[in-house]
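Below you'll find the structure, written out as structure tokens, and then a few comments.
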Amino acid sequence: MKLALLPWILMLLSTIPGPGFTAGAQGSCSLRCGAQDGLCSCHPTCSGLGTCCEDFLDYCLEILPSSGSMMGGKDFVVQHLKWTDPTDGVICRFKESIQTLGYVDDFYQVHCISPLLYESGYIPFTISMDNGRSFPHAGTWLAAHPYKVSESEKSQLVNETHWQYYGTSDTRGNLNLTWDTSALPTPAVTIELWGYEETGKPYSGNWTSKWSYLYPLATNIPNTGFFTFTPKPASPQYQRWKVGALRISSSRNYPGEKDVRALWTNDHALAWHLGDDFRADSVAWARAQCLAWEALEDQLPNFLTELPDCPCTLAQARADSGRFFTDYGCDIEHGSVCTYHPGAVHCVRSVQASPRYGSGQQCCYTAAGTQLLTSDSTSGSTPDRGHDWGAPPYRTPPRVPGMSHWLYDVISFYYCCLWAPECPRYMKRRPSSDCRNYRPPRLASAFGDPHFVTFDGTSFSFSGNGEYVLLETTLSDLRVQGRAQPGRMPNGTQARGTGLTAVAVQEDNSDVIEVRLAGGSRVLEVLLNQKVLSFTEQNWMDLKGMFLSVAAQDKVSIMLSSGAGLEVGVQGPFLSVSILLPEKFLTHTRGLLGTLNNNPRDDFTLRNGQVLPLNASAQQVFQFGADWAVSNTSSLFTYDSWLLVYQFVYGPKHNPNFKPLFPDETTLSPSQTEDVARLCEGDRFCILDVMSTGSSSVGNATRIAHQLHQHRLKSLQPVVSCGWLPPPANGHKEGLRYLEGSVVRFSCNNGYSLVGPESSTCQADGKWSMPTPECQPGRSYTVLLSIIFGGLAIVALISIIYMMLHRRRKSNMTMWSSQP
């Protein structure tokens, strides 16, 4: 009887509303957030398990909003904590060193103001309610790159181009600024200019970054959400700042007061505040700045050798999502507004900064999928000395997100290309990478019932019920695990097929990310170190050892520091997962997704090294899958309900009592065969899933997932590149594509003649069929022919005139001799 009641007991336990607390427990979460020992728990999983200390939410804080710009000034409120006692002062301390003043509002809610930071990602903070004597309350704040927060959280430069070209050509007049007054509830505001600089010897210990308050544009003006002014040149002591941002804050604050509630503009080129010398001759001023940048750049280390080569095609760039990600400044999915790269439809950036110099790669592509190179056009992609997204450990040059990039790569572009005609100097020091050394990553996937396609191309099905090792690597201690659970038949009974319901990943000592279906639904839930994340504010997160992106409700992308990448998405009632591994992982993998070594024959390798043949029976393959079950000590999964605890912690990781439906155990009726053939279009995985679940929708989802895998695999096929081919001196070329089969044609300027081949073809061996020809001084064929025919015409004309004159003379002589 007790055994029969157990499933019902588990069901009731799993539906206990959270957060739950351990009744009567005397323990406290003061200074214990994350701890699981003691009489009660302060761990994030305690809410679902009902084991929390009674003061859990008072000390382990939830905040709203939970994120904001790294520029600071965001007011956030602590949820659940009500403070009715008198307080000497509220102090919020970020990263154990940066303190801001908080307050208690009229509703007894505690507030903090986020500080100005030089890094992005999750920032731990603590709160003191006794003016700094103790900090027992703890939480985390997500600091985001300024360009990745919503526009409503910033003040807006109306016609930003006008601001950044002010003083050039005939760009004059008023400048306008707007903001959302509800985001800054105060009757009067002050508008200030802040400047950013990095000082000290580059790449030394005294290289520092700093935001500085410069001067006010307006003080104590009504908070109307609009400000207009005519810029005047700044005083000489402020003109060394060329990059900065405006800050709007309450007029109650003293000038330049740090870390107060405020709205910032985007960082921008401060053309509008530069001196009279800039306004008198902006081209000469910018040229001098460009030459100075050029001289400094030539003294700095060469960062280009550290950068990865760009993918050869747009398809490769979009498919290689572990190493490259969309550049928000040129996104094909958002209208291809490519301000700095006209002619491009999409750009990507290398996800990880280079290890030594913190630099970044950029790759841009045309609508035809061809890479745009600076050697051919100023619209080409340009690498960055400072990665736009920054680089851990952040805080110091050139690793400050956004700002280091502005100083070393963007403002110099204004000097050389936008304000002065010196762009070749810039492009020489920021040349596009071609793709001769690019190697696409290797792809493996799992989807449907589930079905697996290994890195070496072996495909099989394994309907296990449990938690399994999808991938382990010895190169970087990368671990990817999957949880598979039974599906449901159309009549509600348990199917004899399973599917992935959770995927977890960790690399070395990185954070742990788990992606799962929430509560048996088709809604994705993402957990960071066993705590559920919210994506209502941010869809991009900088985490320890990885980046996380949620571009849609049904897909999560995880980019690891090694260059490996995962994409987890919803396909029907289950999850699908695709894993991308760079070539360096060759011979370093094991698990259900095989041994990556270009040899599919050893993909069914057991833990003990025994290898099953590729023609192993379905039952043997099932035993292979079961052998890769995880253990309690190695599991990356979160067990935050008693149902999960009893099933996967107290129970076996692989359920030996679950009997899947093997392909040879069932057949379809003729009518079913016809329906399935029409639905599945020959996809055997789709057919198997219709048979095991009785659901055509499940089969269709599997077919789509398989097609997506095949499409990505096709996009990632290696492409031969012959590299950039220059035009001849004093001539030009036709053709900007340098991949196998491409033809480049040559011609010469007037006054020069072509010596050598008229075209060259990129061959399969990566070499051009012909070298670039020469254009030698001399008359071109066109000019020569013109001279020849012109000379002949002149000779003919002289001959005609001579003949006419001769005839006239003869006629005159005849007339004279006939007179009397």
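From the backbone N, Cα and C atoms, a Cβ is placed for every residue, glycine too.
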> Pick from ASN176, ASN206: which does Swiss-Prot describe as N-linked glycosylation site?
Replying inline: ASN176
> In Swiss-Prot, CYS762 is disulphide-linked to which residue out of CYS686, CYS722, CYS748?
Replying inline: CYS722
>> If you follow Swiss-Prot, the disulfide involving CYS748 connects it to which of the following: CYS686, CYS775?
In response: CYS775
>> Candidates are ASN159, ASN700; I want to know which one Swiss-Prot annotates as N-linked glycosylation site.
In response: ASN159
>> So CYS46 is in a disulfide according to Swiss-Prot. Which of these is its partner: CYS42, CYS52?
In response: CYS52
> Which candidate in ASN491, ASN812 appears in Swiss-Prot with the annotation N-linked glycosylation site?
Replying inline: ASN491
> When the number of other CB atoms within 10 A of each residue's CB is tallied over all shown chains, which of the glycosylation sites ASN159, ASN176 has the maximum?
Replying inline: ASN176
> Per DSSP, how many helix, strand and coil residues does the domain 'AMOP' (282-430) have?
Replying inline: 51 helix, 17 strand, 81 coil
>> Restricting to the chain of ASN491 (N-linked glycosylation site) and a gap of 6 or more, list residues whose Cβ falls under 8 Å of its Cβ, or answer none.
In response: none
> Mean pLDDT over the topological domain 'Extracellular' (23-782): what is the value?
Replying inline: 95
> Taking the Cα atoms as reference points, how far is ASN159 (N-linked glycosylation site) from ASN176 (N-linked glycosylation site) in Å?
Replying inline: 8
> According to DSSP, does ASN176 (N-linked glycosylation site) fall in a helix, a strand, or coil?
Replying inline: strand
